[in-house]
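Copied over from Swiss-Prot:
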{"type": "BINDING", "residues": "G125, T126, H127, G128, K129, T130, T131", "note": "ATP binding site"}
Amino acid sequence: MKHSHEEIRKIIPEMRRVQQIHFIGIGGAGMSGIAEILLNEGYQISGSDIADGVVTQRLAQAGAKIYIGHAEEHIKGASVVVVSSAIKDDNPELVASKQKRIPVIQRAQMLAEIMRFRHGIAVAGTHGKTTTTAMISMIYTQAKLDPTFVNGGLVKSAGKNAHLGASRYLIAEADESDASFLHLQPMVSVVTNMEPDHMDTYEGDFEKMKATYVKFLHNLPFYGLAVMCADDPVLMELVPKVGRQVITYGFSEQADYRIEDYEQTGFQGHYTVICPNNERINVLLNVPGKHNALNATAALAVAKEEGIANEAILEALADFQGAGRRFDQLGEFIRPNGKVRLVDDYGHHPTEVDVTIKAAREGWGDKRIVMIFQPHRYSRTRDLFDDFVQVLSLVDALIMLDVYAAGEAPIVGADSKSLCRSIRNLGKVDPILVSDTSQLGDVLDQIIQDGDLILAQGAGSVSKISRGLAESWKN
């Protein structure tokens with residue numbers, strides 16, 4: 001669906017003077033989704049990124065003007081410039097925008113403008129945001145409500161991470177990493193869990209992070225709804241401070257939407273949800289792990305509270321194929337030592353890695369798990385070093401890639417070599433450090449056994465590396 005510029009006056013009336021919107025870092029998951037929505041609303045979109053890829057190519061095909069690399073002349077004609085939090089202050093396009101007094105806003109500020117005239121559902125939390133956002137989006141789509149959605153990862157069944165719908169509903173992932181979710185004014189807010197992460201934003205103070213989440217929930221109108229996980233002790237500690245209606249979900253006896261009798265067969269989960277009115281709903285999921293049951297129950301709770309029929313909820317959840325890079329099965333391959341399965345997963349925080357390993361163990365029985373792990377950011381590796389040592393010791397074989405810096409400078413003692421040394425000292429697994437990823441296939445062939453599940457784990461380039469591996473193994 002594409003609108004003329006005249007029609008935009010009706011959609012976002014306050015933005016009628018805006019003609020061209022320029023995105024610095026347009027290839028990022030959150031940025032590209034918003035760019036796609038605005039492109040389909042009829043705005044002229046331009047954007048730049050350091051590398052070309054599937055996302056930038058798709059935007060170019062849809063009509064966006066894409067530049068690879070950053071240069072001052074790229075902002076020509078822009079009415080407003082949108083920046084991702086990854087963009088440094090000395091970026092030439094950002095510097096030029098400020099010199100020319102072109103308004104520069106954060107990604108979340110633009111998302112807030114899109115949400116302003118819609119019924120917004122925002123999903124926040126340390127883990128599970130992308131999957132939960134995708135599940136809610138698919139339920140509303142199944143219910144023929146044609147929602148707009150903007151997600152931080154690919155919604156597999158839609159084949160994209162953003163969609164412009166015709167209805168008033170907007171479902172969006174809310175980003176706490178730079179506290180920019182405070183710009184959003186939703187009608188429903190979901191918080192999946194809360195753990196220390198992105199602590200540089202919160203000056204290393206977890207109490208400040210908690211207070212920021214409460215502030216986010218108070219952006220709800222007095223008639224709004226907060227949906228929170230009852231299994232998370234930090235969230236339950238915050239509930240008395242939230243001056244809005246709160247509905248809870250989880251395995252906890254105290255949950256309003258309570259999960260019972262969870263079982264996993266292979267990579268399929270099934271369980272029962274006891275609703276606040278004691279209605280029992282049997283759920284089937286084709287994505288593994290208790291963490292996905294929690295994500296699905298958050299989505300179910302939102303849908304039930306908003307009056308969506310059970311049939312649409314259950315069909316959408318049963319059909320849900322996952323979000324991009326969340327336990328993404330790349331295939332089974334015959335190698336010299338036998339048949340193996342390769343899975344790509346985005347989890348890069350110790351808790352996420354832990355639940356992925358548990359889901360794999362449940363579905364893969366007594367077979368071995370071989371992990372290819374790429375730490376993401378030196379600061380996260382430093383802050384959660386001991387937790388990484390413990391969780392990475394849970395696999396049967398471990399290949400460690402160098403830290404994916406994500407623009408950070410190296411930190412002494414927070415590199416892959418230090419992580420390998422500490423894991424080896426714990427004595428449960430002997431990690432292999434592979435700095436030259438062109439050697440990865442050869443190293444794997446030396447250690448894999450028949451029936452192994454290979455988990456490529458991390459938020460950096462490990463996904464591209466594992467997909468390249470899958471392509472080479474097909475030939």
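Please read every residue number as a count from 1 along the shown chain.
From the backbone N, Cα and C atoms, a Cβ is placed for every residue, glycine too.
Swiss-Prot feature annotations superimposed on the structure.
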{"residue": "G125", "record": "ATP binding site", "contacts (Cβ under 8 Å, 6+ apart)": "T132, E176, V190, V191, T192, N193, M194, C229"}
{"residue": "T126", "record": "ATP binding site", "contacts (Cβ under 8 Å, 6+ apart)": "E176, T192, N193, M194, E195, D197, H349, T351"}
{"residue": "H127", "record": "ATP binding site", "contacts (Cβ under 8 Å, 6+ apart)": "T192, N193, E195, H291, G347, H349, T351, E352, V355"}
{"residue": "G128", "record": "ATP binding site", "contacts (Cβ under 8 Å, 6+ apart)": "T192, N193, H291, L294, N295, A298"}
{"residue": "K129", "record": "ATP binding site", "contacts (Cβ under 8 Å, 6+ apart)": "V123, G152, E173, A174, T192"}
{"residue": "T130", "record": "ATP binding site", "contacts (Cβ under 8 Å, 6+ apart)": "N151, G152, G153, E173, A323, R326, Y346"}
{"residue": "T131", "record": "ATP binding site", "contacts (Cβ under 8 Å, 6+ apart)": "V287, N292, N295, G322, A323, R326"}
Helix, strand or coil at T126 (ATP binding site) [DSSP, three-state]: coil
Neighbours of G125, T126, H127, G128, K129, T130, T131 excl. site residues, C-beta within 8 Å of centre, ATP: V123, T132, T192, N193, N295
DSSP-derived class (H/G/I helix, E/B strand, else coil) of T131 (ATP binding site): helix
